[in-house]
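What follows is a set of notes on a single structure, which appears directly below.
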Amino acid sequence: MGQTLSEPVLDKHSSSGGDRWLHFGVSHMQGWRISMEDAHCALLNFTDSNSSNPPTSFFGVFDGHGGDRVAKYCRQHLPDIIKSQPSFWKGNYDEALKSGFLAADNALMQDRDMQEDPSGCTATTALIVDHQVIYCANAGDSRTVLGRKGTAEPLSFDHKPNNDVEKARITAAGGFIDFGRVNGSLALSRAIGDFEYKKDSSLPPEKQIVTAFPDVVIHNIDPDDEFLILACDGIWDCKSSQQVVEFVRRGIVARQSLEVICENLMDRCIASNSESCGIGCDNMTICIVAFLHGRGLEDWYNWITQRVNSGEGPCAPPSYAELRGPNTIADARNLQLEYDHIASHEYGSGDTYDSDSDDETIAYDRYYLH
């Protein structure tokens with residue numbers, strides 16, 4: 001978990017933006033940690049409007065560990081590295097994301113200043129193409145979740161060392177798992193950076209003990225899709241995917257801006273003290289992206305409010321819109337037990353999935369949706 005402060009830093013840094021198709025709010029908070037190691041990006045106009053390619057937007061959350069340098073590098077450079085991949089301009093976006101993650105990792109590895117740096121970061125990103133398709137690339141245990149009519153649908157996998165596919169790669173590369181950690185140290189099994197786990201020159205990047213190679217989930221945006229949530233495990237360790245979707249919905253009904261909903265959720269997750277085994281003591285970052293479906297922002301709020309009022313999908317109780325303060329232990333009590341008993345999944349490293357496949361959706365829900 002790392003060292004904690006005697007009092008949490010509760011100052012929040014928030015921003016928002018939008019166009020006729022999307023609107024986002026994002027916020028981050030240092031919390032109990034001695035430094036802020038998270039980073040994020042929100043790029044509505046990812047590709048030039050004069051480009052021959054369709055319009056794209058890009059969102060990412062990067063949860064650093066062992067320092068903030070890799071997370072900050074990803075915020076500044078990963079989007080452009082992805083966009084520089086030849087496959088991006090050919091419309092092969094899933095390949096561009098995979099090669100872009102590895103290219104960013106390699107660029108850091110070749111940087112002399114970074115070769116001895118112990119830091120690394122997760123990366124959960126959403127590339128939205130032509131307002132119609134989401135390409136979600138993920139490496140690590142940050143998470144991207146879709147809110148569809150009040151139901152949480154996972155668009156990423158949490159890469160934990162005890163997952164069977166991850167464990168097989170780790171041990172094949174000469175690593176081991178102790179107390180649920182890679183070589184007894186790292187609590188996640190994929191990351192950008194963490195070069196001490198990537199030293200076997202006989203293995204390709206995707207076969208190293210820890211790899212930056214992402215899984216990519218492709219989702220065709222549906223008229224029922226309401227919003228997208230990207231967040232670090234500082235949120236997901238405290239709240240399930242479904243709890244967060246319902247919390248966001250309640251904030252929308254209360255006419256709170258998306259960045260204020262982010263701020264309120266972090267207030268809800270922060271631990272009342274630093275003795276909670278790390279739950280609620282981490283840095284926190286959350287980004288909410290609204291799918292306007294051609295509506296104005298006010299009409300989008302009205303649309304979801306009407307759905308909630310007519311009973312279309314679950315929503316947190318009205319009191320949650322005004323609720324402040326820590327409640328992490330009650331909500332998180334069963335999350336770790338749930339992770340400990342997760343069944344192994346059948347997918348291989350760096351696979352691409354179509355989230356509209358019924359079989360895969362069922363598998364996602366069974367495996368990842370708490």
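Each position is counted from 1, following the chain as shown.
Note: Cβ is positioned from N, Cα and C throughout, glycine not excepted.
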### Task
Determine which of ASP63, ASP68, ASP80 appears in Swiss-Prot for the same Mn(2+) 2 site as ASP233, ASP282.
ASP63
### In three-state DSSP terms, the structure that GLY64 (Mn(2+) 1 binding site) belongs to
strand
### Query
Reduced to three states, what secondary structure does DSSP give ASP233 (Mn(2+) 2 binding site)?
helix
### Task
Report the residues of the chain - excluding ASP63, ASP233, ASP282 - with C-beta within 8 Å of the mean position of the site's C-beta atoms, for the recorded Mn(2+) 2 site, in sequence order.
ASP38, THR122, ASP141, SER142, CYS232, GLY234, ILE235, TRP236, ASP237, ASN283, MET284
## Note on the structure
In all the protein chains shown, the tally of other Cβ atoms within 10 Å of the Cβ of ASP63 (Mn(2+) 1 binding site) is 28
